[in-house]
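According to Swiss-Prot, the feature site 'Transition state stabilizer' maps to Arg28, an assignment based on sequence analysis. Positions annotated as substrate binding site by Swiss-Prot: Glu34, His35, Thr36, Asp37, Tyr221. Sequence annotations record features per position, and here Swiss-Prot assigns ATP binding site to Ser68, Gly122, Ser123, Gly124, Leu125, Ser126, Ser127, Ser128. Per Swiss-Prot, the feature Mg(2+) binding site maps to Ser128, Glu160. What Swiss-Prot records for Asp172 is active site, proton acceptor.
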Amino acid sequence: MYELSTLYAAFEQYFGHPPTRIARAPGRVNLIGEHTDYNDGFVFPMALDRATYVAARPRNDQIVRVFSIKFRDEDQFDLQQIVRDERRQWVNYIRGVAKGLLARDLPLRGADLMIDSDVPAGSGLSSSAALEVAVGYTFQLLNNINLLGEELALVAQGAEHTFVGVKCGIMDQLIAALGEAGHALLIDCRDLSYRPVPIPAEARVVVCDSGVRHRLAGSEYNQRRAGCEEAVRLLKPALGKIQALRDVRSSDLAMYGHLLPPDLLPLARHVVSENERTLAAAEALAAGDLVKMGQLMVASHVSLRDDYRVSVRELDTLVDLALAAPGCFGSRMTGGGFGGSTVSLVAADHVDAFVAAMVDGYAIRTGRKLQPLVCTAGAGVSCVYASEEE
């Protein structure tokens, strides 16, 4: 469990005075619904009990000073002149959020910020969105700003679009802002409506980090998003008023798929079928049908591997090992892909045997050390420390 006292002491030592607020925003694991969010589709994530923490104290000027414990690096910028840092990507998440809040005509004053996290970076658990939402919420606390969770998520997403250069969907930021303990959230990424679904007590969610790291910015992620948008353009003459692949059904693709070139048809097929799987998965989990939920997770992985082509050998190995391990209902890659993690749904009374089988199997197959995370569905962003001093 993360020790707030360690962050408090580090802040006081570095800045010379104690923090007045500490905020946390969780990482997330997506149970199913991958690469659907930027297609106006459905996703089914849960917030984790792993989080990014921001200790903060307001200043009397317009300067923001930041120190990242994880990167052992510092940044300083002026709220009146926020520009991208071309060398260091991590600082752009923070600068972008500040810029986004100011763009909404929200008054900000300078601040000292110290950031730490126990969300593994690059593992597909959305450490970046946790950072954005935690920083945005911290600025809210320091400046007496009241944004709805959905609004905070949109500010955070905008930071990633404009300052980081990744055209991400809204899922990661939304679950970081709105997560509910003990539940996954079925989110409609078109209108941002959501429905909490309880995770049955007899099930556990286990995340396995492949150890393979991805770089999303400027990579194949943006190419796939562009491909999906092109598929919509090509299908519009036949299907009429479609705005995104969310509006296309499998039966539509069966009839009009010939309108798409060979490189785009598999992309569209994945997104369309994944939306259908995600809605079915929420119903299955709500009914406590873990077998059905697991089957849908496996079908999702096959689609991500074969049609969307975002899996890698290590992720496929983890899924194969999981499906052969004791008590596993289903397993799939989770996150953007090209590395990162898998998520498995496991019977609670088989978790220890499952974890042992995964560790041994992955070491034999790849020579890599695996540290599976048995995850609890956590709450969304919150203030975890507030002093009486302002």
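Glycine residues also receive a Cβ, built from the backbone N, Cα and C atoms like all the rest.
Overlay of Swiss-Prot annotations on the structure.
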residue: Thr36; record: substrate binding site; Cβ contacts under 8 Å, 6 or more apart: Phe42, Val43, Gly169, Cys189, Arg246, Val271, Glu274, Asn275, Thr278
residue: Asp37; record: substrate binding site; Cβ contacts under 8 Å, 6 or more apart: Val43, Cys168, Gly169, Ile170, Met171, Ile187, Cys189
residue: Ser123; record: ATP binding site; Cβ contacts under 8 Å, 6 or more apart: Val207, Asp209, Gly335, Gly340, Ser341
residue: Ser126; record: ATP binding site; Cβ contacts under 8 Å, 6 or more apart: Gly27, Arg28, Val119, Asp172, Ile175, Ala176, Gly335
residue: Ser127; record: ATP binding site; Cβ contacts under 8 Å, 6 or more apart: Gly27, Thr52, Ser117, Val119, Pro120, Ala121
residue: Ser128; record: ATP binding site; Cβ contacts under 8 Å, 6 or more apart: Tyr93, Glu160, Val164, Asp172
residue: Tyr221; record: substrate binding site; Cβ contacts under 8 Å, 6 or more apart: Val166, Lys167, Gly336, Phe338
Sequence-ordered list of residues in the chain of Leu125 (ATP binding site) that lie 6 or more positions away and have a Cβ within less than 8 Å of its Cβ, or none, is Gly27, Arg28, Val29, Leu48, Arg50, Val119, Val207, Gly335, Gly340, Ser341
Taking Glu34, Glu160, Asp172 as the recorded positions to compare, which has the smallest set of other Cβ atoms within 10 Å? Glu160
I need the neighbours of the substrate site defined by Glu34, His35, Thr36, Asp37, Tyr221. Which other residues of that chain put their C-beta within 8 angstroms of the C-beta centroid, in sequence order? Gly33, Tyr38, Asn39, Gly41, Val43, Gly169, Met171, Val271, Glu274, Gly336
Per DSSP (three-state), Leu125 (ATP binding site) is coil
Arg28, His35 as recorded positions, winner by CB count within 10 A: Arg28
Between any two of Glu34, His35, Thr36, Asp37, Tyr221, the residues recorded as binding substrate, what is the biggest Cα to Cα distance in Å? 13
Distance [Cα-Cα, Å, rounded] between Gly124 (ATP binding site) and His35 (substrate binding site): 13
His35 (substrate binding site) and Ser68 (ATP binding site), distance between Cα atoms, whole Å: 30
What does DSSP say about Ser68 (ATP binding site): helix, strand or coil? strand
For the binding-site residues Ser68, Gly124, which one has its C-beta crowded by the most other C-beta atoms within 10 angstroms? Gly124
Could you say whether, by DSSP, Thr36 (substrate binding site) belongs to a helix, a strand or a coil region? coil
Give the three-state DSSP assignment (helix, strand or coil) for Arg28 (site 'Transition state stabilizer'). strand
